[in-house]
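Asks: Marked as S-adenosyl-L-methionine binding site by Swiss-Prot: R112, S113, A114, N427, N539, H540, Y573, F595. Per Swiss-Prot, the feature Zn(2+) 1 binding site maps to C296, C299, C318, C322; the stated evidence is sequence analysis. Per Swiss-Prot, the feature Zn(2+) 2 binding site maps to C309, C312, H331, C335. Annotation source Swiss-Prot lists domain 'SET' at 233-574, citing sequence analysis. The zinc finger annotation in Swiss-Prot covers 296-335.
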Amino acid sequence: MDLPVDEWKSYLLQKWASLPTSVQVTISTAETLRDIFLHSSSLLQPEDELFLKRLSKGYLVGKDSDAPLFYREEGNKKFQEKDYTGAAVLYSKGVSHSRPNTEDMSLCHANRSAALFHLGQYETCLKDINRAQTHGYPERLQPKIMLRKAECLVALGRLQEASQTISDLERNFTATPALADVLPQTLQRNLHRLKMKMQEKDSLTESFPAALAKTLEDAALREENEQLSNASSSIGLCVDPLKGRCLVATKDILPGELLVQEDAFVSVLNPGELPPPHHGLDSKWDTRVTNGDLYCHRCLKHTLATVPCDGCSYAKYCSQECLQQAWELYHRTECPLGGLLLTLGVFCHIALRLTLLVGFEDVRKIITKLCDKISNKDICLPESNNQVKTLNYGLGESEKNGNIVETPIPGCDINGKYENNYNAVFNLLPHTENHSPEHKFLCALCVSALCRQLEAASLQAIPTERIVNSSQLKAAVTPELCPDVTIWGVAMLRHMLQLQCNAQAMTTIQHTGPKGSIVTDSRQVRLATGIFPVISLLNHSCSPNTSVSFISTVATIRASQRIRKGQEILHCYGPHKSRMGVAERQQKLRSQYFFDCACPACQTEAHRMAAGPRWEAFCCNSCGAPMQGDDVLRCGSRSCAESAVSRDHLVSRLQDLQQQVRVAQKLLRDGELERAVQRLSGCQRDAESFLWAEHAVVGEIADGLARACAALGDWQKSATHLQRSLYVVEVRHGPSSVEMGHELFKLAQIFFNGFAVPEALSTIQKAEEVLSLHCGPWDDEIQELQKMKSCLLDLPPTPVGPAL
């Protein structure tokens, strides 16, 4: 996903392996990115480009005139099953393949409006109705869509507009008698019912307003940092001789305090975990749902009513405004390259979009200016010697009175301020000397192939009369003879190498569960990849003192615990002490980020010499004490006479148990609740015989039982099971962790639906306290908790005890 697809990656690595040793040495010992790029790109042959082109065609990103009917029919099947979300997504796929001002476009929009109406998304439904009519919705079908429009307006409390719509509908009947003949009796009855409903209603509460702007305003940084853009005044930028740039607390910081709120300088939506579709006749069009179908490709807002690009079927947006902005900033160039960019991977895509956002001319200027002042090696490897020194871009000479003019910290401007701009992005470390030669070769050839496609597209856009002679044509199409292409290629190669250590995974919480389930499960999914210059300054800890959350393309860093003045602000790069053991964390950090972690969590665990983390521990079958040892495990209780058992035997039992849990979870997803409970109860009994009480699988089983019992309406049993899961989560992740917040949210849902008012209010308060440390007030779960609390507080007092 980040790197190219496996076929292209394997192809390039084989090409590297087949190169003469002298060529490999030349690339391996090249001192600058420019040399790496030029040496590598000279090896890209026409047959390589043809192979890449064939791979790119595996992604069906163009518009297919036969696809709208297919997706409309598939959407209709989902609609009949009352899966309105699934139907809306399939109708959106039909929209993305439709041409403007066609019946296909209008019918897909109209059908999607019906799905949105059943989902209660009335404002969005109205927009789709207007789109359907704009694109030429057939006259014979107008009554149905106009009635739906009136129903939306009534639901939104816009009664005057609803009345006008009904009047227009009735007037059309009078003016066009043929319409009355095709108007079904059910539609006439619905029209009568709607008119009666309007008479009964004086007004309706307005739909939930766009409170997002207000919550963002409420959560804004109270006091801007003069040295760091988008950062609180509670933190400062420093340089450590060993760590390089870092952020430290300039005053005592309380848990939950907002430290950084930064919009991504550039971001690209991850296409999803699914492979490209096969080319069989039965799978020409893909009905699978990915992030690209659910989120705006520019602002990352979740939407079921996507607005597609007019030129391709891949890029989709939440509004016409986002579509227009994306087109003007970068998509006009990316649009014809969609399949190629998906083949080359997200990192290559970001590298291109970054240069497009900045502008090729500005990229050329900054690199040329650097070339004029310092050596190529310093440009390409700014981390090579002195991490503190950097060029002062605002001065016209590199030396003054024999002294090097420098700003104190790389990435800062002439006034010493570090901002969210291209200067800061350019100064993020590419770690060129740490990447393997074959990886640099792979990245360079990806960028080179992309540059050649950009050249070809640019040449097609140049009128032939503008090309005076053959030398101009040669300069336009040959990268080696075109200095601009070399500059662009070097810039994109630098950014591609930077991304391994500086890319930020932009995540969201997705709720899953059986259809119609009141209590849902949640999981964190990677939605996009972005560059955040300020957040990139944070160093790693396996037990960080901050938490990150996202809304749209904005990342928010909050203190997850009390931070003393002078203490470093630390972020987790992924390997967290509650998710993996110290050996695995060290290996991942070393391979991706090129450092050996020496955080307190790693040092503490390294000295313990434990067999493994508690969430992977086994217990004694006789006394329940934890088992100890490596290959052979023995009971940790001295008074227990239980014989030793091999770890392999217990691991095998665990694997069998996990398979049974997966079967039960599928039963739960399919709605076979009683069978799921029976299967999970058996799994629970088996787990208790050999797994430690804090084992992750014990919590997983309890969570599944809680969801099954909730779906059956047995709220008391559901709460009991979830509290057991809650214990496992608390021991593993901590009482103030975001994972604990999600579990408390689920428990609050169960108490709320079981009418256990005191328990619900108490749990809601705990959940809000924990989640507020990690998320802003706009968080979906926090808003839902507030609605539940408001509802419970409005209930009349009752002497009856809790329902649970």
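Using N, Cα and C of the backbone, Cβ positions are placed for all residues, glycine too.
Keep in mind it's a predicted model, so treat the numbers as computed, not measured.
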Asks: Going along the chain, which residues at least six beyond the ends of the zinc finger (296-335) come within the CB cut-off of under 8 Å?
Replies: 59-64, 67, 85, 88-89, 92-93, 95-100, 112, 115-116, 119, 121, 124, 127-128, 267, 269, 341-342, 349, 352-353, 356-357, 454, 457, 506, 508, 527-528, 550, 552-553
Asks: Which whole-number value in Å describes the distance between the Cα atoms of C335 (Zn(2+) 2 binding site) and C322 (Zn(2+) 1 binding site)?
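Replies: Pair distance, Cα basis, whole Å: 15 Å.
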Asks: Roughly how many Å separate the Cα of H540 (S-adenosyl-L-methionine binding site) from that of C312 (Zn(2+) 2 binding site), to the nearest whole number?
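Replies: Cα to Cα, H540 (S-adenosyl-L-methionine binding site) and C312 (Zn(2+) 2 binding site) are separated by 40 Å.
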Asks: Could you measure the widest C-alpha to C-alpha distance across R112, S113, A114, N427, N539, H540, Y573, F595, the residues recorded as binding S-adenosyl-L-methionine, and give it to a whole number of angstrom?
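Replies: Of all Cα pairs among the recorded S-adenosyl-L-methionine binders, the widest measures 54 Å.
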Asks: Mean pLDDT, the domain 'SET' (233-574)?
Replies: 80
Asks: Y573 (S-adenosyl-L-methionine binding site) to C299 (Zn(2+) 1 binding site): how many Å between their Cα atoms?
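Replies: Their Cα atoms are separated by 23 Å.
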Asks: Using a 10 Å radius around each Cβ and all protein chains in view, which of these binding-site residues has the most neighbours: R112, H331, H540?
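Replies: Within the set of binding-site residues, the most crowded position is R112.
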Asks: If I restrict to non-local contacts, at least six residues apart, and a C-beta distance under 8 angstroms, what lies near C299 (Zn(2+) 1 binding site) in its own chain?
Replies: Y317, C318, C322, S552, T553
Asks: What same-chain residues, at least 6 away in sequence, bring their CB to under 8 Å of the CB of A114 (S-adenosyl-L-methionine binding site)?
Replies: F79, R148
Asks: Distance check, please: Cα of R112 (S-adenosyl-L-methionine binding site) against Cα of C296 (Zn(2+) 1 binding site), rounded to an integer number of angstrom.
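Replies: Between the Cα atoms of R112 (S-adenosyl-L-methionine binding site) and C296 (Zn(2+) 1 binding site), the distance comes to 17 Å.
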Asks: Residues other than C309, C312, H331, C335 within 8 Å, Cβ to Cβ centroid, of the Zn(2+) 2 site?
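Replies: These residues sit around the Zn(2+) 2 site: D310, G311, Y314, A315, A326, W327, R332, E334, P336, G338.
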Asks: Across the zinc finger (296-335), what are the DSSP residue counts per state (helix, strand, coil)?
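Replies: Residue counts for the zinc finger (296-335) by secondary structure: 16 helix, 5 strand, 19 coil.
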Asks: List the other residues in this chain whose Cβ sits within 8 Å of the Cβ centroid of the Zn(2+) 1 site residues C296, C299, C318, C322, in sequence order.
Replies: Y295, H297, R298, L300, K301, T303, Y317, S319, E321
Asks: Counting distance between Cα atoms, which of the binding-site residues S113, C309, C312, N427 is nearest C296 (Zn(2+) 1 binding site)?
Replies: C309
Asks: Name the one residue among S113, N427, N539, F595 whose Cα is closest in three-dimensional space to that of C309 (Zn(2+) 2 binding site); these are the binding-site residues.
Replies: S113
